[in-house]
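I have placed the structure first, in the form of structure tokens, so that the comments after it can refer back to it.
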């Protein structure tokens with residue numbers, strides 16, 4: 001390597017990549033990159049790594065305030081400063097011209113004979129004036145780039161916060177749900193324990209009574225054994241008298257004390273069926289409290305009649321006198337409840353009994369209520385329904401509703417909504433201790449949601465049965 005190349009390499013190695021000046025108080029973090037101590041101290045600290053400073057080159061964490069100044073490198077910088085500045089390190093001529101193609105300050109020899117030969121060359125003073133005029137524009141470009149990166153960093157910071165918040169809420173929900181399960185299982189364990197204790201007490205009491213009787217007979221038998229030993233050497237008359245008495249008593253004891261039978265203790269069998277029953281009961285117990293909802297008559301289509309208490313709705317054969325409300329359904333025989341939701345978990349039940357045609361679920365605040373309804377999730381409808389009293393359907397994005405396999409004929413439908421889990425599930429809740437899942441929609445819900453009910457046309461009385469919101473009396477809660 002020639003001396004000029006060596007000098008150029010030294011200048012590059014002794015230059016701070018932050019201030020583009022020769023090192024001042026150089027420090028070297030563990031990653032091996034070197035900067036001025038003041039420059040590295042001015043770099044913003046990490047917010048998530050105990051306040052460490054990232055290396056501007058490789059992002060490795062460092063603490064510039066704890067780093068020692070590299071004295072050997074500092075002395076080398078001082079020695080390099082003795083080299084004449086403002087001169088070409090290759091030809092040692094003044095840096096008097098500027099190469100516009102390579103954007104580099106060079107000497108006359110570089111321009112006429114060196115690697116810049118044939119390039120567009122201007123004097124250093126011309127370049128200074130020209131670039132001075134361009135400086136404001138360059139500053140604007142730099143500022144725009146900085147602002148763009150700041151926005152990107154802000155977006156990433158928000159995304160990091162959202163991820164942390166999502167995970168935190170997930171952990172909290174897991175803890176809440178598992179604590180609820182543990183609580184229910186503890187209650188179940190205590191209940192089964194009491195049942196077992198009661199069975200044990202009854203069985204033990206019966207056994208102790210029988211044991212007391214057997215103990216009394218045992219005492220008599222031992223006494224008779226002693227009598228028989230005594231009569232063995234007695235005279236004929238006395239022997240016969242006592243022997244007959246003992247024999248009679250023995251026969252009586254044997255007749256009065258049959259051998260003990262097997263005592264059965266009535267305890268639950270811990271089988272797979274038992275575990276399944278416990279799971280079903282626990283699942284029902286962990287559901288949110290039943291919502292006490294009422295139908296909103298101001299949203300009911302004009303053929304619908306809502307009961308005075310707001311718990312029942314049916315389709316009449318004549319139009320009702322209703323006000324013109326923007327939220328009222330005008331064509332379909334539908335309505336929503338007065339209650340609506342924007343967060344949390346919710347559960348409600350609707351009595352359908354033997355009504356042959358109906359639909360229910362949830363709709364978004366922005367779902368269209370005028371004209372023909374296009375009941376799909378993309379249009380803000382998450383519903384299931386029944387037609388002909390036997391065909392159950394989920395209104396998905398497919399061209400035709402998805403037919404559901406349903407055992408029997410549900411008399412009551414439960415609807416479970418969870419904003420955090422992004423689900424709305426439908427259950428056959430005819431048996432409150434045995435909810436049967438019918439269908440689940442998965443959706444990332446946003447905005448306000450309304451419980452939705454489609455009573456359907458009365459069909460000349462064939463479908464005149466009402467839909468009823470189920471809510472038990474206070475004494476049954």
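Just so it is clear, glycine is given a Cβ too, placed from its N, Cα and C backbone atoms.
Note that the coordinates shown come from a computational prediction; the quantities given were computed from them, not determined experimentally.
Taken verbatim from Swiss-Prot:
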BINDING   14, 17, 34, 37  Zn(2+) 1 binding site
ZN_FING   16-59  zinc finger
BINDING   29, 31, 53, 56  Zn(2+) 2 binding site
ZN_FING   83-124  zinc finger
BINDING   86, 89, 105, 108  Zn(2+) 3 binding site
BINDING   97, 100, 114, 117  Zn(2+) 4 binding site
COILED    135-232  coiled coil
DOMAIN    272-476  domain 'B30.2/SPRY'
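Sequence-distant neighbours of the zinc finger (16-59) (same chain, 6+ residues past either end, Cβ-Cβ under 8 Å): 65, 67-70, 73-74, 77, 80-81.
The binding-site residues considered are 97, 105; of these, 105 has the fewest other C-beta atoms within 10 angstroms of its C-beta.
Under a cutoff of 8 A between CB atoms, and with a sequence separation of 6+ in the same chain, the neighbours of residue 29 (Zn(2+) 2 binding site) are 40, 55, 60, 62, 64, 67. The Cα of residue 108 (Zn(2+) 3 binding site) lies closest to that of 97, out of the binding-site residues 53, 97, 100, 114.
For the recorded site, residue 105 (Zn(2+) 3 binding site), the DSSP three-state label reads strand.
Taking a C-beta cut-off of under 8 Å and a sequence gap of six or more, residue 14 (Zn(2+) 1 binding site) has these contacts in its own chain: 22, 23, 73, 76, 77, 80. Remark: residue 17 (Zn(2+) 1 binding site) has 33, 35, 56, 57 as non-local neighbours, by Cβ distance under 8 Å and separation of at least 6 in sequence. Per-class residue totals from DSSP over the zinc finger (16-59), listed helix then strand then coil: 5 helix, 7 strand, 32 coil.
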